[in-house]
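Inspection log for the structure reproduced underneath, given as structure tokens.
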Amino acid sequence: MRKFLYYSLLMLVLLWSSQTVAAGAAVATETCLECHDDVIEMDSFSASVHGANGCVACHSDLTDIEAHMEGELLPGAVDCSRCHKQEFKDYFDSAHNFDHPNINLSCTSCHNNIHAVTAWKGDKQRANEICATCHTTPEKEYQASIHAQGIAAGNMDAAACIDCHGLHAIKPVGDMDARERASFRTEPCMTCHADEEMMEASGVFPVAVDTYLESYHGKNFNLGYPEKVAGCADCHMAHQVLPNEDPASSLSPDNLVVACAKCHENASAQFVKFYAHGDMTDSHNYPILFYTYIAMSTLLVGTFGVFWFHSLLWMFRGFIENSEKKKALAAGGQLHHVDNPHKIYRRFTKIHIFMHLLVIISFLLLSLTGLPLKFSDQAWAKVLMEFFGGSANAGLLHRLGAGITFVYFAMALAMSAKFLFYKLQYPAEFFQRLFGPESLCPNLRDIEDVTSMVRWFLFLGPKPTFDRWTYWEKFDFIAVFWGMFAIGGSGLMLWFPEFFGAALPGWVFNVATIIHSDEALLATGFIFTVHFFNTHGRPEKFPMDFVVFNGELAKEEFIEERGDQWKRYEEEGTLKQYEVDKPSGAVYDFILKGFGFTAVLIGVALTLLMIYAFVYGGHHF
């Protein structure tokens with residue numbers, strides 16, 4: 001019944017409309033001009049965009065010409081929406097809507113000479129003149145800008161009012177929240193400046209958008225938090241956009257400190273030497289950035305190439321070894337003849353376990369909060385940022401992870417100093433301690449171990465045994481020291497830019513950004529692939545080596561993997577002090593194994609997301 005009434009009403013409206021138009025169509029335009037020729041010039045009207053419609057196409061309520069001429073039927077307000085439906089819909093929701101509490105504008109406020117209006121044909125100068133009727137102050141600023149100068153010179157690619165604000169769907173800035181307002185100060189600019197072909201044709205820096213999105217400011221914008229950083233108009237201004245060499249420009253050499261100080265209160269003349277749009281692929285204009293990028297990329301490719309190849313060889317050889325072990329056991333043989341093979345020995349102390357837990361917690365914090373910034377255009381990066389409550393919260397957590405890193409690094413330095421200089425613990429001479437079997441410092445033995453391992457990979461020799469530290473474990477340890485200087489040093493500079501910018505030129509922060517980003521990518525990629533494989537993923541350890549969580553090692557495993565350490569302890573008579581009388585309990589193992597598996601799964605998940613970003617997201621190092 002409701003549908004019947006609805007359709008009946010609709011049919012009545014359509015019938016009335018058709019009758020009205022039919023009746024109105026009977027009134028010729030010439031008839032109207034017999035009286036209204038004082039306000040309407042026939043030739044101008046005929047040449048206008050509405051000339052073919054006739055008067056009653058707009059004044060559709062004038063259905064009785066005699067009543068109109070007698071003054072009994074007067075025309076009402078013209079309803080432009082009858083023809084211009086989409087334009088009216090845009091206008092209705094805009095800042096210019098006549099229902100807006102502070103504005104009383106209609107179509108004719110802009111299209112005031114409606115009877116002679118001609119097609120605008122993309123004439124931006126004409127559009128600007130209409131806007132200038134009301135917006136005098138912005139227009140005055142705009143007319144001095146490079147955009148206005150471009151349009152005046154006939155370049156219709158230059159930005160006009162409508163390019164940024166829209167034609168009819170002009171959203172009230174006052175109705176926007178902080179995030180929308182901040183986004184509006186960048187998004188309209190990208191509409192044109194992302195078109196490299198257009199920019200090159202106009203003699204404009206073609207990669208402004210790309211370089212902005214590669215910056216910390218742009219990555220926050222990409223992630224959906226533009227209110228936390230500077231946008232295009234914050235630096236270049238919204239209307240009075242001038243060349244940097246113009247003294248009146250907000251980014252002229254004399255004004256640059258003031259521009260940066262709007263956000264960075266203690267900005268200095270050194271600080272503003274930062275390359276806001278530095279292109280690290282441009283060797284001509286930004287050689288220091290280019291060669292830093294090349295060096296870091298070479299380090300990444302070289303490190304991953306060597307160690308991934310090492311892991312693949314180990315994986316293949318490990319599968320062969322496991323297959324041989326299974327065949328030997330199936331034939332009734334024994335792998336090793338070890339008395340009391342399950343006796344437990346201590347490999348790591350409680351302080352070692354605690355430090356490794358700090359490493360895991362801090363590393364996951366840094367990875368989970370840092371990788372979304374690195375891959376800011378990816379959907380998964382936005383999800384992670386939302387999970388942390390935004391980029392500001394993620395930044396706090398990232399700094400917390402950095403703080404924990406500095407703590408365990410200080411602990412490692414203290415323990416290293418104690419090992420090297422506290423003679424009561426290790427009475428040998430300094431260099432014997434530094435290059436001895438208990439030290440994590442590389443020595444000649446490591447060359448032999450690498451050679452023996454490669455020979456085993458290639459079926460040219462037996463599987464080697466090691467002393468307390470293998471060459472890959474030493475590499476992991478030394479990588480922490482390198483990482484602290486590379487990632488930690490660059491991270492501190494980016495954490496306190498104004499402090500360091502008081503003495504260092506701003507382009508150092510561009511270099512620091514490249515190093516921090518690429519070194520962090522190297523660290524996460526290495527830990528989540530190579531380190532995970534070396535400790536947990538190799539066939540003889542999969543799915544997890546729990547020794548780093550409880551510090552315990554079975555006698556059989558001790559002798560098989562670290563036979564040289566076992567023999568040395570036997571010769572020294574120190575094996576007894578490493579025996580464990582009471583192994584870790586079930587609850588402890590359950591909690592720590594759960595934590596360990598969770599950490600590994602997070603690392604694997606992040607690795608897959610990074611691979612996806614490189615393969616499908618067009619990312620480079």
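The backbone N, Cα and C atoms fix where each Cβ goes, and this holds for glycine too.
Any TrEMBL annotation is an automated prediction that lacks curation.
For reference, TrEMBL has these:
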{"type": "SIGNAL", "residues": "1-22", "note": "signal peptide"}
{"type": "TRANSMEM", "residues": "290-316", "note": "transmembrane segment"}
{"type": "TRANSMEM", "residues": "353-376", "note": "transmembrane segment"}
{"type": "TRANSMEM", "residues": "396-421", "note": "transmembrane segment"}
{"type": "TRANSMEM", "residues": "477-496", "note": "transmembrane segment"}
{"type": "TRANSMEM", "residues": "508-533", "note": "transmembrane segment"}
{"type": "TRANSMEM", "residues": "590-615", "note": "transmembrane segment"}
In contact by Cβ distance (the transmembrane segment (396-421), the transmembrane segment (590-615); 3 or more pairs under 8 Å): no
Sequence-distant residues near the transmembrane segment (353-376) by C-beta distance (under 8 Å, 6 or more away from its ends) are 213, 216, 218-220, 222-223, 382, 384-385, 388, 391, 394-395, 397-398, 400-402, 404-405, 407-408, 411-412, 517, 520-521, 523-524, 527, 548-551, 595, 599, 602-603, 606, 609-610, 613, 617, 619
What same-chain residues lie close to the transmembrane segment (396-421): Cβ under 8 Å, and 6 or more beyond its ends? 351, 355, 358-359, 361-366, 368-370, 388, 430, 433-434, 438-439, 480, 484, 488, 491, 495
